[in-house]
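**Student:** Can you keep this structure in mind? I'll have questions shortly.
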Amino acid sequence: MAIRKGSSYAVAALLALASVAAVAGEVFFQEKFEDGWESRWVKSEWKKDENMAGEWNHTSGKWNGDAEDKGIQTSEDYRFYAISAEYPEFSNKDKTLVLQFSVKHEQKLDCGGGYVKLLGGDVDQKTLGGDTSYSIISRPDISRYSTKKVHTILTKDGKNHLIKKDVPCQTDQLTHVYTFIIRPDATYSILIDNEEKHTGSIYEHWDILPPKKIKDPEAKKPEDWDDKEYIPDPEDKKPEGYDDIPKEIPDPDAKKPEDWDDEEDGEWTAPTIPNPEYKGPWKQKKIKNPNYQGKWKAPMIDNPDFKDDPYIYAFDSLKYIGIELWQVKSGTLFDNIIITDDPALAKTFAEETWGKHKEAEKAAFDEAEKKKEEEDAAKGGDDEDDDLEDEEDDEKADEDKADSDAEDGKDSDDEKHDEL
């Protein structure tokens, strides 16, 4: 049947458009670091007096999918970095909150990361640093071989609460998109490159509130509770004469030397060897305990100190975004930041930025690696002796550093990293 055109059709179309507009997400902040970005961001003077403040470069990096798609990149080794931007203050109460950004570690990062922070209240952007109070932190965290995870912290009542779940992060030298979503039902999700890597409950995965249930402190294990899983086998008896078996016996193959003189050398005795019959102290075999009741556990009761917070997910004041980090090796590049209440909108933003260029960036990286390998191969034998000397020097330096670290009790790089 044909659809009749007219006023009813027009009204339906308008209602459909109105419905789409009603569910469209709100963007609180968006940054692609295009021309004019410096007017929106404030570089902190944190650590400047100590000559430890690093400079940011506006660049697309050594390899990229689009030379015109630039971000901000750390440029100096062993430096602190801090920069922030302000946006209209809002609260995520009764709404979803999405924080998303892209990051690329061109330097093949082995220790570091980068705190991307949401802050509220009054912040002096010129002094923003490691001690500045914040509401939310999300970052990929890499610490040598031990830590390679997405580091997420929520601050409530002045206390910083680290997520209790380990979510692996990307560790290569390409751009990756990290998304942190908090919902009004107190659930959250962590996405990497638009793929959900972890989801769960804020109640369960952060120790923001006391536990709802606790072990009953008054409960006692019953005296007749049998928690021995195995018991000695009453049927197993020690063989007669077992304790008389010697641990060692004279070597039956040993012969008295022909030139042995009993008067001068003393009475000859054969050397001993382990006795193959000796089995060590006798131990009674164990069997399953037929009366085993399991490990006793105190029953759980309601925690009298627990007080629910229906707005555990919410932050009353979100007004700034900051990037703050310490870098042993510089080269980390941040780009394409968005703060919104619509996960679908954030996903589209990622696809239109990172997604559009990821294949070209991978090709550029592969080409750069191939060129580097060819250049290294071209040097050939001329550098082999030098390389060997360098390796020996590096090994000696590592040994010296290990000795120094053993004395200090802590690696100096880790001290810098831990300072953050």
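Backbone N, Cα and C define each Cβ position, glycine as well.
So Swiss-Prot has the following annotated:
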{"type": "COMPBIAS", "residues": "213-258", "note": "compositional bias 'Basic and acidic residues'"}
{"type": "COMPBIAS", "residues": "355-381", "note": "compositional bias 'Basic and acidic residues'"}
{"type": "COMPBIAS", "residues": "403-420", "note": "compositional bias 'Basic and acidic residues'"}
{"type": "REGION", "residues": "197-262", "note": "region '4 X approximate repeats'"}
{"type": "REGION", "residues": "266-304", "note": "region '3 X approximate repeats'"}
{"type": "REPEAT", "residues": "197-208", "note": "repeat '1-1'"}
{"type": "REPEAT", "residues": "216-227", "note": "repeat '1-2'"}
{"type": "REPEAT", "residues": "233-244", "note": "repeat '1-3'"}
{"type": "REPEAT", "residues": "251-262", "note": "repeat '1-4'"}
{"type": "REPEAT", "residues": "266-276", "note": "repeat '2-1'"}
{"type": "REPEAT", "residues": "280-290", "note": "repeat '2-2'"}
{"type": "REPEAT", "residues": "294-304", "note": "repeat '2-3'"}
**Student:** Pull the DSSP breakdown for the compositional bias 'Basic and acidic residues' (213-258) and write it out as helix, strand, coil residue counts.
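**Tutor:** Within the compositional bias 'Basic and acidic residues' (213-258) the tally stands at 3 helix, 9 strand, 34 coil.
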**Student:** Would you mind giving the whole-number mean pLDDT across the repeat '1-3' (233-244)?
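**Tutor:** Here the mean pLDDT over the repeat '1-3' (233-244) amounts to 92.
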**Student:** Sequence-remote contacts (6 or more beyond its ends) of the repeat '1-2' (216-227), Cβ cut-off under 8 Å?
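**Tutor:** The answer is 289, 291-296, 298-301.
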**Student:** Are there residues at least 6 beyond the ends of the repeat '1-3' (233-244) whose Cβ is under 8 Å from a Cβ of it, and what are they?
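**Tutor:** Distant Cβ neighbours of the repeat '1-3' (233-244) are 282, 284-287.
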**Student:** Mind tallying the repeat '2-2' (280-290) by DSSP state, helix then strand then coil?
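**Tutor:** When I sort the residues of the repeat '2-2' (280-290) into the three classes, I find 0 helix, 3 strand, 8 coil.
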